[in-house]
Amino acid sequence: MGGKQQEDEASGKPAKYDPSFRGPIKNRSCTDIICCVLFLLFILGYIVVGIVAWVYGDPRQVLYPRNSTGAYCGVGANKDKPYLLYFNIFSCVLATNIIMVAENGLQCPTPQVCVSSCPDVAWTVEVSQFSQNVGEVFYAANRNFCLPGVPWDMPVIQSLQQELCPSFLLPSAPALGRCLPLLNSTPPELPGISNNTSISQGISGLLDSLNARDISVKIFEDFAQSWYWILVALGVALVLSMLFILLLRLVAGPLVLVLILGVLGVLAYGIYHCWEEYRVLRDNGASITHLGITTNLGAYRNVQETWLVALIVLAVLEGILLLMLIFLRQRIRIAIALLEEASKAVGQMMSTMFYPLVTFVLLLICIVYWAMTALYLATSGQPQYVLWAPNASLPSCEKVQMNTSCDPMAQPVNSSCPGLMCVFQSYSSTGLVQRSLFNLQIYGVLGLFWTLNWVLALGQCVLAGAFASFYWALNKPQDIPTFPLISAFIRTLRYHTGSLAFGALILTLVQIARVLLEYIDNKLRGAQNPVARCIMCCFKCCLWCLEKFIKFLNRNAYIMIAIYGKNFCVSAKNAFMLLMRNIVRVVVLDKVTDLLLFFGKLLVVGGVGVLSFFFFTGRIQGLGTHFESPSLNYYWLPIMVSILGAYVIANGFFSVFGMCVDTLFLCFLEDLERNDGSLDRPYYMSKALLKILGKKNEAPPGDKKRKK
């Protein structure tokens, strides 16, 4: 008796009967006010950071290409010149690499000029034109491809030596705002361009071997041809998800039984397969003693000990599962009944199925705001330009001080150093905003994690409040509130913003610690020894487990907040103690629910994927002209989009159902502790649960006689 009492004290005292309790408490007060104030102040600071970024930032560098003078193409003075032309695109592959090109915003070590249209024919400056002036060779022939400010009477040879005008042109087409040569173009024979340098090599130096325009156009064409069929596939996924959840009230029991038998069958086949492999290898004498220790893990498939170990593990799992079915069958029946009850609750409140759309919109707003703020912050400051030459080690360039600041509007005139240019280096770090740029970006990342976790917490608490009002309705469905979801949403925002912010902050700190650990591990990966890697792996594993535990604790704390309206710490403690007093039921329900929802996702995503594959590959015949599969460049593209969309839809629907199951389960445990089925303390649970538990109410719920 003493041991039982100590165990009850360790897990907290059971909930006591409260005659005034009738579901989610309406007369409640604000909780965790300090956290609410801190969160609102943080959001205010986050808005100020966004305003500062908007004032000082200049995102045009990623939206518009920039010429050699630093001016943007397509805006301002270059409004009629939206495309960027590279004088010598082969320098992108001859003198740099794709990483440096990407970091510099697709800038190559060659002069660049904004043009109104890309050249459509190949052209090369002839030797006889060297003595002519720029106006005759370029301007008069409508070749407006020289840098701004090049005079009409400048000799062509001088303009080429100073790289003020291009020495050749290739037929090009605009892609990403830049004139990229067509792949079938023939490169000219000029110094610095070897015979094996092809057009594709030059473009690959800029876009990493991808013909971005060709692929992007084909992808756009595929989406234009198949977008309505993709919407049809997503509609099928939506219908399948809703039908699966709503039909669980009828087929939850048989479906869970089939799934459990399926798992047993898979394990049984695994045991049989391992035995057959072990028997064959044993008869052949293949043993690990002949193999020894090797780093080739595939070699262990050919030794008998490997299959013997796998056989033992699978046999143990099979035995554990069978024992669970025998001794926990009553709790499995309770889990199935709760799943059926959750299906009924969702059917009574269909609006809850579409609440993930609200969460999605709020998450999208948080992500877009952070992305725009980070972009504006990264582009704050004035651009800096420095002197650069493709080969600074030449004797004629020794007198030039490379990497010194210069004016891009006044091109270098030092003809003794070939290819000397004033190029963009970076944005200045002077000024208060620029000096605080790193701190502001860290603030933005913290704001991203905190707001995302708060939005997810809001969704969980709102859904918990709606589903709790279903369970604690004594006479269903008459006693269910008219607008339970809207009431829960308003109640949560009005009273519990601080509690949600508190739980979200705890989770945010753990997630940021994981991000920092991943960053440190990535930076030190090359210098780590095996011991350091093992320690780092242990730290990452511990933080992963901690994050999972906090998510589990927060989820149940939000349910208690939605029901009782207490602060985060008290709600988390009460939820944890309640679960610890019913730990076996928790484990069984969690695993049965996971198995069922996994099968549901597999059914929806797999069904949509198979249907999309057969349709978009034209394997479904006889549907008529209105249902023919479109002609596509990449048939896998709409298939993958349909599968991804089906997973997102199924995950959204099943997340609502999972929250419903967890909420009803906590209410069910509270119901068992608060009530005893008497006239004054009737159970609120369904008749199916009462029958499984062997309990009953002395008067049916809602019967007026029990009040007498």
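The backbone N, Cα and C atoms fix where each Cβ goes, glycine too.
Record features, source TrEMBL:
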type	residues	note
TRANSMEM	33-56	transmembrane segment
TRANSMEM	227-248	transmembrane segment
TRANSMEM	255-272	transmembrane segment
TRANSMEM	307-328	transmembrane segment
TRANSMEM	354-378	transmembrane segment
TRANSMEM	454-474	transmembrane segment
TRANSMEM	495-517	transmembrane segment
TRANSMEM	557-580	transmembrane segment
TRANSMEM	592-616	transmembrane segment
TRANSMEM	636-669	transmembrane segment
Taking a Cβ cut-off under 8 Å, which residues six or more beyond the ends of the transmembrane segment (495-517) line up next to it in the same chain? 28-40, 445-446, 449-450, 453-454, 456-458, 461, 536, 539-540, 543-544, 546-547, 550-551, 554, 557-558, 561-562, 565, 567-569, 571-572
Mark yes when the transmembrane segment (354-378) and the transmembrane segment (33-56) have three or more Cβ pairs under 8 Å (sequence separation 6 or more) and no when they do not. yes
Residues sitting near the transmembrane segment (454-474): Cβ under 8 Å, six or more positions beyond its termini, same chain? 21-24, 39, 341-342, 345, 348-349, 352, 355-356, 358-359, 362-363, 366, 480-481, 484-485, 487-489, 491-493, 496, 500-501, 503-504, 554-555, 558-559, 561-563, 656, 659-660, 662-664, 667-668, 671, 682, 684-685, 701-702
Cβ contacts under 8 Å made by the transmembrane segment (557-580) with residues that lie 6+ beyond its boundaries: 10-12, 15, 23-25, 28-29, 31-32, 35, 457, 460-462, 464-465, 468, 472, 488, 491-492, 495-496, 499-500, 502-503, 586, 662-663, 666-667, 669-670, 673
Near the transmembrane segment (255-272), which residues from the same chain, at least 6 beyond its ends, have a CB less than 8 A from one of its CBs? 248, 310-311, 314-315, 317-318, 321-322, 325, 332, 335-336, 339, 592, 595-596, 599
Taking a Cβ cut-off under 8 Å, which residues six or more beyond the ends of the transmembrane segment (636-669) line up next to it in the same chain? 219, 222-223, 226, 229-230, 233-234, 236-238, 240-242, 245, 338-339, 341-343, 345-346, 352-353, 355-357, 360, 460, 463-464, 467-468, 470-472, 555-556, 559-560, 562-563, 575, 578-579, 581-582, 585-586, 589, 593, 597, 600-601, 604-605, 608-609, 612-613, 616, 684-685, 689
Tertiary contacts of the transmembrane segment (227-248), defined by C-beta under 8 angstroms and 6+ residue spacing from its ends, are 255, 339-340, 342-343, 346-347, 353, 596, 600, 603-605, 607-608, 611-612, 615-616, 629-630, 638, 641-642, 645-646, 649-650, 653-654, 657
